[in-house]
Amino acid sequence: MVEAPSPLPHQNDTYEFCIILPPRINSAGIWENLAYPSTMLTYSLPLLEMQIVVIFVSSHLLFAILKPLGITLFASQIIAGLILGPPIMGKLNAFRNIFYRRELGVEMIDAVSVFGFTLFIFLTGVKMDVKMAFNSTKKSVVIGIISLLSPIVVGIVLHKTFNEHKRMNDVIKTERIVGTLIESTTSFSVIACVLTELKIINSELGRLALSSASVGDLSTLFLVHIISLSHDWATSPLLALQRVLVAFLFITVLFFVFRPMMFWIIKKTPEGEPIEEVYIVAILMVAIGCAIFTHWTQQAPLIGAFLFGLAVPDGPPLGSTLINKFECFVNGIFLAVYITASAMRVNPRKMVSNPPRVKFSIISFFLTFLAKFISCFIASFVSFMPFRDSLAFGLIMSSKGVVELASLSN
């Protein structure tokens, strides 16, 4: 049998593992083996619970310490992941038994975190008003598109400037292109979180930022599909046509079958009464099913959940009910686990082993950030926004969060 991989491998590979059938899921607790209570952690559910507790306690303890310094919860969760990773806490035997067991590794915590992030993306789609993107003012459309294109142009120029690209393999080229695209995106959910934390989401600046972010988000989705389609077309035109047809049918079913059904649910619900639980569960299952379907069609599973979220009527009673029921749990537990688990994959040794790639990444990050900030600042200032508000708007539109972290992690 091939030996199990080292904790949190940084490359794709195939390994073989011996597993116990039926799986050991529930344990009898510490009373099962008083001489060795750690036997409890050989069961998957207690191990998962212990992992979540360690992540939750460590991230919030760090946040309590760093909050007076202005460090946000998101940053505290990333720092907690770096501390819990193999270079620091991963060297302790007691801690390694929790996160890096050879039988399970981090497969369970990864599965739970990805499931939670899928729900987060679904709720992001529920919050987003599609009409707001299509009925946006000319100012919002211009800012949303410029905020996406300007960093991409700077990234392309940067790629052409560095002469070493002639000696790079295709993997590094793809990494740099994808990295530039990630740094150029404007995530609606991230902007909404920033505005909520600053308590300006209902201000004129906040509404403009949300509208521009929704335009930028949909433009990014369209651009990614165009790039993917062009790649498929170069490989196999028939495959590209099949994927276009599947995507068209999928979107048609979402907005012309599922969306009318949800309006029927709203119409059936008496005014002032909550949506029945069976409908809430059914909608949640369909969201997961959409993610599985897009994964089956060799697309990102998050796209399916996000598009279905867009199809859900926003506001009361259905959209607001979904947000009220799941947002606190998803953001408080699942998202914290996802952020910390993603940060645990960071390998600091790679920063030392390949200085040219690190140098390019740092330069690319700063230049794309400046391009996005300056373009948003100029576009808003030219639109007769006050100077200080334009500066704040540029910084808000340049914010990065969990969506970009997820893209880089994948």
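Every residue, even glycine, has its Cβ placed from backbone N, Cα and C.
Nobody curates TrEMBL annotations by hand; they come from automatic prediction.
Look at TrEMBL and you will find 62-406 tagged as domain 'Cation/H+ exchanger transmembrane'.
With a threshold of 8 Å between CB atoms, the same-chain residues lying at least 6 positions outside the transmembrane segment (70-88) that come near it are 6-8, 54-55, 58-60, 62-63, 95, 99-100, 197, 336, 339-349, 401-402, 405. The annotation transmembrane segment is assigned in TrEMBL to 70-88 (among others).
Here TrEMBL flags 108-128 (among others) as transmembrane segment.
Residues annotated as transmembrane segment in TrEMBL: 140-158 (among others).
The transmembrane segment annotation in TrEMBL covers 208-228 (among others).
Per TrEMBL, transmembrane segment is recorded for 240-258 (among others).
Sequence annotations record features per position, and here TrEMBL assigns transmembrane segment to 278-298 (among others). Packing against the transmembrane segment (278-298) from elsewhere in the chain are residues 118-119, 122, 243, 246-247, 250, 254, 258, 262, 265, 304-305, 307-309, 312, 318, 321-322, 325-326: each is 6 or more residues past its ends and has a CB under 8 Å from a CB in it.
For 318-341 (among others), the entry in TrEMBL reads transmembrane segment. Residues 51-52, 55-56, 58-59, 74, 77-78, 80-81, 84, 106, 109-110, 112-117, 119-120, 123, 126-127, 262, 265-266, 274-275, 280, 283-284, 312, 402, 405-406 of the same chain, all 6+ positions outside the transmembrane segment (318-341), place their C-beta atoms under 8 angstroms from a C-beta of that stretch.
Taken from TrEMBL, the feature transmembrane segment applies to 362-385 (among others).
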In terms of Cβ proximity under 8 Å, which residues at least six beyond the ends of the transmembrane segment (140-158) contact it?
176-177, 180-181, 183-186, 208, 211-216, 219-220, 223, 360, 363-364, 367-372, 374-376, 379-380, 397
